[in-house]
């Protein structure tokens, strides 16, 4: 009998959550992670499923996600503990046929429930499915230290944050040419912040929540982790630059355009045109 804890998706979630904890992005129960699966991924592990899966209604219907399985982190769970007890800290859920709710097929033991940011995740999954023609499968939220710090000292608008992050490290324009969306501060764990995040996810694979954290989307766990890691590295460089008195020189607009041409990407126009 195959054990679901040995599956690629449970092992992938263990690695991603452990790596994020080691990075310092997910203190206590901070952060959440969801991965969209296919029926073929979970079918071999049906014998591991709960005999009577709990059903939880969604706060709003998600018909685009009907019959779709996900693996998710749990509410109030610590990323550092996922590797110690995956079944207590992770769950495989499946949206019902009309998108009105989901069953917890595996994990989330002792009456645990999925992350409180599930509305933001599911709404963002819907938008990224449309934006990437189904390619993106992962939504990751974490408290990346230096990205948060920048939201206190830079004007919180997409063009400026994007441009500064591109300047902080040459690879950034190549990794996220679509730029970084940013919201006003909002109460977390609500449909409102979920809807606002999803709206930005129509245009950007990275979305900042000021004074709180970042949302990232990608086709795989590695790609999504790497996306956030790249932006966070640039933010760290910028924090050091500003602490040393600011930039004396930087990558120019012409150089950013040349970089985009070399790697075949189209940089966010508003960030390129900023200055």
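Even glycines carry a Cβ here, placed using N, Cα and C.
For the Zn(2+) site, Swiss-Prot gives 141, 143; the one candidate out of 50, 212 that the record lists there too is 212. Note: the Zn(2+) site is recorded as 141, 143, 212; in the same chain, 30, 31, 142, 144, 148, 188, 209, 213, 214, 215 also have Cβ atoms within 8 Å of that site's Cβ centroid. For the binding-site residues 141, 143, 212, the largest tally of other C-beta atoms within 10 A is found at 141. Cα spacing between residue 143 (Zn(2+) binding site) and residue 117 (active site): 13 Å, rounded to the nearest whole number. The CA atom of residue 117 (active site) is located 9 Å away from the CA atom of residue 141 (Zn(2+) binding site). Here the Cβ of residue 117 (active site) has 26 other Cβ atoms within 10 Å, regardless of which shown protein chain they belong to.
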